Amino acid sequence: MTAQTSAVSVISAANRLVAKVGSSLVTNEGRGLDRAAVDHWAAQIAALHQQGKQVVLVSSGAIAEGMARLGWRKRPSAMHELQAAAAVGQMGLCQAYEAAFAEFGLRTAQILLTHEDLADRHRYLNARSTLFALLRLGVVPIVNENDTVVTDEIRFGDNDTLGALVTNLIEADALIILTDQRGLYEADPRCDPAARFVAHAQAGDAALEAMAGGAGSGVGTGGMLTKILAAKRAAHSGAHTVIASGRERNVLTRLAQGECIGTELRAVLPVWSARKQWLADHLRLRGRVVLDDGAVHALLHEGKSLLPIGVAEVQGEFERGDVVACVDMHGRECARGLINYSSADTRRILRQPSSQIARILGSMTDPELMHRDNLVVT
């Protein structure tokens, strides 16, 4: 990590971008949409379009707009009330963006996604194809989580995560996360005035996760840690991430012109195939298996499949075909993938050689608990 910037922003060379705009940047401090702010973002994205760049906008603001329309001053905690606010507010959010982009001769499209949409392989591919078609048509997709139908168990959790997943979905060159903070600091600048600003780092650097923490404003849901984890996700498709203040004048167009603004997190992690990204990011974890040191080494350094003999413990309940995390003896995740046996059967065959599976279970569907083609090292 360094406080020095590179000479030119990575955004200048990016042809396909995902820009995530937080609630605080499109609302009047949570009291409904700020139409001037919406117009401002539309103008900047229109300028990027004129440069030949394709842009997908991930925008928060539906719940805040719904709260304003319903006369609620405090964000509700009950899921059904949040969903009601989202249903009311999404109408206003789409209308505002449609009107704003129309001033520049651009059409918009509403894309509402849930985790289940991306967890299902066919729906994942359909969403991908639809977004590519919209971009080819010169349409600006406005993406948000479908808050009206999601539950706590299937939520993305925040639009930073959604932005990263969309970045991977469309193979974008870069992700821009706009927030109400300048970028990343080595400590919370609101508590430590001497905190050093981080202008440049590598996405996936473990030190970043250790530094980050705390929630953002009371309007949205994402703190700085979620942004760092989003950058790590995006890096696995080769996309760079910039975390910058949306309060900076014309921040998007200036980044596109090569100006270095905010924190730039470069993608240096191994680029995963589309299938590996889907396995790692879009499927819900159903449990964990604790591995001994030998099994961890085999997965990380030898590219081997996971065998029952290397499993020390099973945590949680899962079925064959679910996504399960592989963790070491200290609880650190090293891989995840599709499991070939249920949690009940895995408990019966752990610490056993594969040659004993048929004797213990009565039959053997696979010699591996997790085949190397169906797992990804994390």
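Note: Cβ is positioned from N, Cα and C throughout, glycine not excepted.
The ATP binding site annotation in Swiss-Prot covers Lys20, Thr179, Asp180, Thr221, Gly222, Gly223, Met224, Leu225, Thr226, Lys227. Annotated substrate binding site per Swiss-Prot: Ser60, Asp147, Asn159, in sequence order, evidence recorded as sequence analysis. The feature domain 'PUA' is assigned by Swiss-Prot to 286-364.
Maximum intra-site Cα distance, substrate binding residues Ser60, Asp147, Asn159: 11 Å. In the three-state DSSP scheme, Asp180 (ATP binding site) is classed as coil.
Looking only at the domain 'PUA' (286-364), the predicted model's pLDDT averages out at 95. For the pair Met224 (ATP binding site) and Asn159 (substrate binding site), the C-alpha distance works out to 12 angstrom. The least crowded of the binding-site residues Ser60, Asn159, Thr226, judged by other CB atoms within 10 A of its own CB, is Thr226. Each residue of the domain 'PUA' (286-364) gets a DSSP state, and the totals for helix, strand and coil are 27 helix, 23 strand, 29 coil.
Around the Cβ of Asp147 (substrate binding site), the number of neighbouring Cβ atoms within 10 Å comes to 23.
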